[in-house]
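Structure first, then comments.
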Amino acid sequence: MRSSSLAWALGLVALANAQGSPTQWYDSITGVTFSRFYQQDTDASWGYIFPSASGGQAPDEFIGLFQGPASAGWIGNSLGGSMRNNPLLVGWVDGSTPRISARWATDYAPPSIYSGPRLTILGSSGTNGNIQRIVYRCQNCTRWTGGAGGIPTTGSAVFGWAFHSTTKPLTPSDPSSGLYRHSHAAQYGFDIGNARTTLYDYYLQQLTNAPPLSGGAPTQPPTQQPPTTTAPPPPPPSSTFVSCPGAPQPRYQMNVANGFRVAPVLGGLTMPRGITLDTRGNLLVVERGRGLTGHTLDANGCVTSSKVVIQDTQINHGIDVHPSGRRIIASSGDIAWSWDYDPATMTATNRRTLVTGMNNFYHFTRTVHISRKYPNLFALNVGSDGNIDVPTRQQNSGRAQIRVFDYDQLPQNGVPFVSQYGRVLGYGLRNDVGITEDRAGNIHSIENSLDNAYRMVNGQRRDIHTNNPAEKVYNLGDPSNPRAIFGGYPDCYTVWEPSDFTDSPKQPGDWFTQDNSGQYTDAWCNANAVKPTLLLPPHTAPLDMKFGLGNDTNLYVALHGSWNRQPPQGYKVVVVPGQYSASGEWSPTAPLAQSRTAWSDLLTNRNENQCSGFGNANCFRPVGLVWSADGQNLYVSSDTSGEVFIIKRMSGPIVQPPITQPPITTSPPTPTTPPVVQPPTTVAPPQASQTLWGQCGGQGWTGPTLCPANSVCRESNQWYSQCVPA
């Protein structure tokens with residue numbers, strides 16, 4: 001036993017050597033920001049998020065992250081810096097299953113199971129073949145008896161880290177398994193205050209709802225052809241959902257794609273427009289002419305109760321909830337306001353003016369989007385003041401553009417839309433009502449394009465408006481670094497139907513001007529305007545779009561329909577296949593020129609030809625979209641019919657709940673308790689030869705001593721040698 005304790009002790013000597021400090025790190029897998037310590041030699045990370053402190057007190061919990069190479073054996077930490085008399089957390093991935101447990105050591109010897117902390121494994125844990133990660137919630141974790149005594153509310157703290165580069169625990173399927181001694185260990189300090197955030201509850205929800213990390217090919221998007229002709233058979237239903245009790249029957253007959261069901265959840269509303277969910281899963285609906293209403297939902301996603309959250313007839317479209325859940329922003333045609341919000345009671349108080357001076361009488365709806373990556377930033381759109389609004393060639397017109405504002409920098413009484421506080425994300429965007437954000441934090445917008453389009457050919461005005469121009473999606477980029485992207489309006493439009501152009505060859509996605517002469521020509525547009533990433537059919541009037549959650553990488557678009565086309569088209573929700581880059585940036589699967597067939601119907605009216613862009617429209621007209629947190633339910637508002645629908649994915653949720661391990665009941669060891677694991681000096685690892693960073697020698701070592709190619713066995717001390725790059 002003496003040699004065992006001494007080996008663990010000398011292995012922890014490195015804890016006296018600080019190895020840098022954590023920094024703020026954006027996790028592109030989940031969109032969550034951690035305070036992360038990164039250890040370059042092992043390519044491993046330890047991340048932390050702590051809840052904010054109120055009155056000098058903070059909840060006794062935190063969110064943690066272990067991440068390292070898939071080949072690593074285990075990753076661990078000491079919450080008090082040193083190994084002895086402080087909680088030790090150890091995690092690893094067993095096949096594809098993440099494991100974690102709490103340990104305690106009173107001596108430099110193999111630690112025993114510790115029953116104090118309550119550990120819950122959260123989403124995005126697992127392995128993809130390259131990395132393994134364990135994201136966890138640690139409750140009852142910041143105060144203990146002995147050692148450091150706890151994690152301070154503010155100021156500096158010292159944490160320890162430990163890592164085994166190759167060998168899993170003795171019984172990987174058992175969270176309580178004995179461990180081989182670490183191959184690396186050290187200590188670092190950081191300011192706990194920098195790791196505390198008011199977004200803790202939001203981040204916890206995001207991580208709880210995140211899918212497991214897994215390898216293999218990504219799930220294929222739906223076929224690009226309409227599901228009525230080419231979609232595969234629907235999966236077996238995992239739900240018996242048919243309709244919501246007490247909800248009205250739909251006003252119009254509808255078709256829904258295979259694998260989904262649709263039913264109303266609300267009816268008789270006053271022009272429902274923008275919709276969203278708060279952090280407790282309540283449905284918020286802007287009813288034009290009434291205000292903001294809130295609706296609690298049951299386990300099936302059906303409404304159980306409703307109330308008025310904000311009584312205000314000025315609010316007409318835009319609504320968003322801050323990621324913290326404690327603030328909402330909504331807008332009239334002229335002013336954007338914020339309210340303090342309590343999701344537990346669905347109450348809004350303390351209205352504050354944020355942005356003014358947005359009024360025009362042509363396009364009078366304003367969309368609000370609060371960045372998920374940068375929650376202090378919010379975007380607002382202002383459409384053109386006319387079908388063709390010539391002054392919008394200039395950014396300072398304050399129309400046909402989207403601007404970004406920093407909430408934390410705004411004066412108490414608000415600012416004009418065209419003030420220096422509003423940075424231009426994009427301009428030359430005729431009326432981009434739909435705004436959304438991808439997993440990299442980039443903002444995408446979708447445009448309602450020109451009515452009554454024509455083309456001058458040999459001095460003759462030729463009507464091309466039935467099938468041109470296309471509606472389109474722009475990637476406007478990072479809202480923290482606005483680039484003032486120019487979308488081409490009021491001169492440049494996008495070809496949908498090339499055969500309408502007899503004076504020059506065209507393909508879908510090409511630029512055209514109505515009068516291809518003078519300064520603003522097709523060539524000028526090619527040289528000066530940024531092309532969209534995606535096209536949709538003309539006069540479908542897209543009003544909202546949302547990306548799928550989890551492994552669903554599609555884009556979902558609400559097409560409101562327009563008065564400016566016969567026969568009518570739109571009046572539906574469509575799906576566009578896409579993919580994410582390694583950084584989380586979304587792009588459509590099909591190239592721009594193939595956009596005409598790169599979408600399929602999700603929800604349609606039974607007879608689109610009876611729809612109208614006037615009055616009650618004779619059909620439902622989709623406006624707003626929002627997904628439930630588990631990715632199973634898509635809510636759709638329809639203004640002219642006064643309804644909100646639920647489109648339910650019958651295969652079930654696609655964002656899985658967290659894996660919660662059973663509580664550990666073993667008591668903490670006393671000083672006389674013998675170690676529960678035999679030391680590694682008497683148990684040989686299973687490998688015949690060692691891997692990079694693995695132990696290859698040392699006094700009493702009986703394991704593999706042969707290192708892989710291009711590495712050597714280097715002595716760290718009398719008891720430990722390691723395979724390192726040559």
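First residue shown is number 1, and so on along the chain.
Quick reminder: no glycine exception, Cβ is built from N, Cα and C everywhere.
Quantities reported herein were computed from a predicted structural model and do not represent experimental measurements.
Together with R273, H363, R430, N431, H560, W563, N564, R621, the pyrroloquinoline quinone site in Swiss-Prot holds one more listed residue from H295, H322, H539, which is H539. A disulfide bond in Swiss-Prot ties C141 to one cysteine from C138, C244, and that cysteine is C138.
You'll find the Cα of D451 (Ca(2+) binding site) roughly 71 Å from the Cα of R181 (heme b binding site). Over all protein chains present, the Cβ of D451 (Ca(2+) binding site) has 16 other Cβ atoms lying within 10 Å. Neighbours of H182 (heme b binding site), defined as other CB atoms within 10 A of its CB across all chains, total 24. The distance from the Cα of M83 (heme b binding site) to the Cα of N140 (N-linked glycosylation site) comes to 19 Å.
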